[in-house]
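One structure below.
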Amino acid sequence: MESLQIVLLFAPVGVGYLLGRFRETAPEPLADTCLYFLMPVLMFCALVRTPLTPGQAVQFIYWYFSFVLVAWALTALVSGRLGRDRPTRSALSLSMSSVNVGSYGIPVVLFAGGESALGGIMLLFACSNVAAGSIGVYIAAGGRKRPVQALASVFKLPLIYAVLLALSVRALDLQLPPRALELGQQVGMAGPILGLVILGIQISRMGAREGREFSSPLAVSIGAKLILGPALGIGLITLFGIQAPVRDTLLICSCLPTAINCLLLAVKYDTHPHLVGAILVGSTFLSPLTITATLLLFGG
C-alpha cells in the first residue's frame, strides 16, 4: 500500500477517535446502521454485480475457516504449555484467530484491488460473522457454550440473508436493473468507511492502562499476530493451491488485525478485555507495515 492510501485509510479512524474522545459519540447506533442496513445492501449488490465462481467461493470459505481453526488450536496449545490461565488462553485465542474483515479488511481490499475484489471480501465478511457467532462465542465463554448453540445468534443478523438472497438471484438468473444495483452498491459503500469511524470510536474508549498488566503476553501476541498470522495465511494459500485473483485478497486478509467483535465478546464474557483491546490497537496500527511487506514479497 502506498503512503497516501495508508493516510486515507486511517483518516476515518482518526475522525472516529476524535468523535469518541471529544464528543462522546456512542458507537452502537452507527454499528447498527452498518450491520442492519449498509453492509447487507453492499453484500447483496456486490455478490450480484461481481459474482464468484463456485470454485472461488469454496476457496474463500475453506481458507477462512482453516485459518481460524488452526490459529485457535496453535494459540491454545502454546499458551497452555506456557501455563496461562483459562481466561488468558481464551483472550489470546480470540485475538489470534480473528481478522477484522468488516471495518478494516473491506476498505483495504478496495484500496488495493478495486471493486473487482468486492465480491470475495464480502463473502469473507459473511464467514467472519459466522465464525465470531459460533467459534468466537465458544472461545470467549471458555467452553461454556457449544458452537452449535452459539451459531443461532448469527441468524439474527441480515448479512446471512443478504448472501442467500444474492445467491438465489444468481441461481435463478434473475435480471435486476443494473442502475439500481449500482446505486445500491454506492449507498452500501458507506458501510466500510463508517466501520473505520466506529473502529476509531472504540479505540477512544480504551483507557491508557489497557494491557499494562499483561505486558509480557501482550508484546508476544502483537508480534505473533503481525508475523505468524501472515505466515499461516500464506501457508494455507500454498497448501490449497490458490491462485490470483483469490490469492491477492487472501494475502491481505492474512495480515489483518484483531477484529472488534472479539473485543465485544471479551467484554461480554469477562475474558480479559483489556488484553484483547490492547492487542487490537497494537495490531491495527502496525498492520500497514505487514500488509505492505506481504504484498511486495508475495503479491503478483
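Any Cβ shown, glycine's included, is placed from N, Cα and C.
Note: TrEMBL annotation is automatic and uncurated.
Residues or ranges marked as transmembrane segment by TrEMBL: 6-22 (among others).
What TrEMBL lists as transmembrane segment is 34-54 (among others). For the transmembrane segment (34-54), the residues of the chain that approach it from at least six positions outside its boundaries are 60, 102-103, 115-116, 118-120, 122-123, 125-126, 157-159, 161-163, 165-167, 169-170, 176, 181-182, 184-185, 187-192, 194-195, 198, judged by C-beta separation under 8 angstroms.
The transmembrane segment annotation in TrEMBL covers 60-79 (among others).
According to TrEMBL, the transmembrane segment annotation covers 91-112 (among others).
Feature annotation from TrEMBL assigns transmembrane segment to 118-141 (among others).
Marked as transmembrane segment by TrEMBL: 153-171 (among others). Beyond its flanks by at least six residues, the transmembrane segment (153-171) meets 35-36, 39-41, 43-44, 47-48, 51, 123, 125-126, 129-130, 133-134, 137 of its own chain at Cβ-Cβ distances under 8 Å.
Annotated transmembrane segment per TrEMBL: 183-201 (among others), in sequence order.
Here TrEMBL flags 222-243 (among others) as transmembrane segment. For the transmembrane segment (222-243), the residues of the chain that approach it from at least six positions outside its boundaries are 59, 62-63, 66-67, 70-71, 74, 95-96, 99, 250-251, 253-258, 279, 282-283, 286-287, 289-290, 294, 298, judged by C-beta separation under 8 angstroms.
Per TrEMBL, transmembrane segment is recorded for 249-267 (among others).
Here TrEMBL flags 274-298 (among others) as transmembrane segment.
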Leading stretch by Cβ pairs under 8 Å, where the reference is the transmembrane segment (183-201) and the options are 6-22, 60-79, 91-112, 274-298: 6-22
Recorded stretches the transmembrane segment (60-79) and the transmembrane segment (274-298) touching, at least 3 CB pairs under 8 Å: no
Selected stretch (most C-beta pairs under 8 A with the transmembrane segment (249-267)) from 6-22, 91-112, 118-141, 274-298: 91-112
Closest-packing stretch to the transmembrane segment (274-298), where packing means Cβ pairs under 8 Å, from 6-22, 91-112, 118-141: 91-112
